[in-house]
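The following features are taken from Swiss-Prot:
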- LYS48, ARG51, HIS81, ARG98: isopentenyl diphosphate binding site (BINDING)
- ASP88, ASP92: Mg(2+) 2 binding site (BINDING)
- ASP88, ASP92: Mg(2+) 1 binding site (BINDING)
- ARG97, LYS174, THR175, GLN211, LYS228: all-trans-polyprenyl diphosphate binding site (BINDING)
Amino acid sequence: MAIDFKQDILAPVAQDFAAMDQFINEGISSKVALVMSVSKHVVEAGGKRMRPIMCLLAAYACGETNLKHAQKLAAIIEMLHTATLVHDDVVDESGLRRGRPTANATWNNQTAVLVGDFLIARAFDLLVDLDNMILLKDFSTGTCEIAEGEVLQLQAQHQPDTTEDIYLQIIHGKTSRLFELATEGAAILAGKPEYREPLRRFAGHFGNAFQIIDDILDYTSDADTLGKNIGDDLMEGKPTLPLIAAMQNTQGEQRDLIRRSIATGGTSQLEQVIAIVQNSGALDYCHKRATEETERALQALEILPESTYRQALVNLTRLALDRIQ
């Protein structure tokens, strides 16, 4: 039976989700009109808001009863996520995000960077309101690690010798770490330290699977579905897992073509590279790795007591994998 996002995932925290939106709207308020305009633009471009939903579900799965604290933490997660996307778009020179013009394309790089900084600062301002030093320390360290992941990705650009281990380090920092903050933070907030590690492992494996799936879709989907241009990763010279696996499975001219494409970037040979990726067994390997990460995520969840909220986290995990079924 197909999983319905609204009914099987969002419904248990729908009221809290609406309250979280209010915290976000308050969080992006500013005396500077341009800051508010840009913040509103990027926040409204949000997708399904999986990270704050995961945060709310994890909080309730841990037995959290303080609704306002959980709602505020979810808003903090979404503001941090939005800030990283704004900065990503500047670094990647992206003009499109989820089918909408990016902040840097609509205004300019300088404005986008500064508003991203504002969103991070405001998120920590809200975090201080929660009055929990363990939570504050976790988020401070985690935010540094997210930035380090982005720098690692920058270092790996145009480097065809990037290994799968390095790729996993990159995606842990740039993607999985914020998922970990969302769920581990919920356990801290709920005063349930025994659930910190299981929820961190769940979110880490979920984030890995989620990013691998995203990287698969860059070679199998279309611009309308992705909300960005097909082949963006290749154009930017990013050695993602489909390319790394394709190089492992090929030799001679095919392997050399992928290496050159990573080294130079651009999309002049995109069709040939897509064909090699699709015919080399690389996508099968990526699918296998995404499935393994998903299974590990689900195993970690088993430590939590049974509840509607835990089941919704299971549903979310399975739905993420369904994107490539």
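Cβ atoms are placed via backbone N, Cα and C, with glycine included.
In sequence order, GLY46, GLY47, ARG49, MET50, GLU78 are the residues of the same chain, not among LYS48, ARG51, HIS81, ARG98, whose CB sits within 8 A of the CB centroid for the isopentenyl diphosphate site.
Cβ neighbours within 10 Å of LYS48 (isopentenyl diphosphate binding site), excluding its own Cβ and spanning all shown chains: 13. Annotation for ASP88 (Mg(2+) 2 binding site): spatial neighbours SER94, GLU150, criterion Cβ-Cβ under 8 Å with sequence separation of six or more.
Counting every protein chain shown, the Cβ of LYS174 (all-trans-polyprenyl diphosphate binding site) has 22 other Cβ atoms within 10 Å. Put simply, the two farthest-apart Cα atoms among LYS48, ARG51, HIS81, ARG98, the recorded binders of isopentenyl diphosphate, are 16 Å from each other. Separating the Cα atoms of ARG97 (all-trans-polyprenyl diphosphate binding site) and LYS48 (isopentenyl diphosphate binding site) is a whole-number distance of 14 Å. Between the CA atoms of GLN211 (all-trans-polyprenyl diphosphate binding site) and ARG51 (isopentenyl diphosphate binding site) there is a gap of 13 Å, rounded to the nearest whole number.
Ranking the binding-site residues ARG51, ARG98 by C-beta neighbours within 10 Å puts ARG51 at the top. For ASP92 (Mg(2+) 2 binding site) paired with HIS81 (isopentenyl diphosphate binding site), the C-alpha to C-alpha distance reads 16 Å.
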